[in-house]
């Protein structure tokens, strides 16, 4: 697991890390495997159904649902980066992960997290335009702008992750570090480095501040403006209808931001606490599972489209029931 570098004195190059995961008895490991496997499969199925429902129902060919399909697609990969390796480790005595595998997992995980932060802000902006400028909404939120905004989210996520990886991957790790986590995250890697990681931590903190604070300001500004606009609506029914269009998104934003903010505001400090893994489970497992359920429960259009999609899957596309629309 350790390659000696002959021309570098006593320096060793780490080729593997040990992911300690959840330190429990074997019987409980099997229980955790079953729970997380079911959760992972449900998350994939839920998000896939939402994507299929949006693509198949012309009533959902709107900017709001276009961004929702991107969110569902993102979260399918988001959980896939972490869950398979975690599930294997529940059943295996070998908890090791290669250096390249660890850095690859970290790169894609950071990409998806950063992309989701920005995508949620874009979705808040979309709700702001829909409620505060309803007459200009079709003119402002064109297909071209929606495509540019969605592409920008992914590009920003990829670039942010790349910059972070430049500083984290070049840190020196001695021997075979034991990471007290169930996946390769920024905070564990900063803490197991055997050299000064202050520069990498500073860069990570600055980028996290930009990726979290700027979208958060957009979200807060959008919803404060939306709230003011809703309060000006004279009828209670009108206010309820306006608020219902953004209630699902506001719930998803609250869940995601509240569970990730504490971890990535000060990553190295957060790792010192045993609660780190519990918080990580919330935003890597629970939140992606709940998001599709929240959109289904609070959004009648999505609920109807899902029912239609499930009916089409059961009866087949050629059967009666409008499956070809």
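Glycine too: its Cβ is placed from the backbone N, Cα and C atoms.
Copied over from TrEMBL, here are the features:
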DOMAIN    46-295  domain 'G-protein coupled receptors family 1 profile'
TRANSMEM  30-53  transmembrane segment
TRANSMEM  65-86  transmembrane segment
TRANSMEM  106-125  transmembrane segment
TRANSMEM  137-163  transmembrane segment
TRANSMEM  205-230  transmembrane segment
TRANSMEM  242-265  transmembrane segment
TRANSMEM  277-297  transmembrane segment
Spatial neighbours of the transmembrane segment (65-86) far in sequence, C-beta under 8 Å, 6+ residues away: 19, 21, 36, 40, 43-44, 47-48, 50-51, 54-55, 97, 105, 108-109, 112-113, 115-116, 119-120, 122-123, 126, 146, 149-150, 153, 182-183, 252, 284-285, 288, 291-292, 295, 301-302
Model confidence over the domain 'G-protein coupled receptors family 1 profile' (46-295), averaged pLDDT: 88
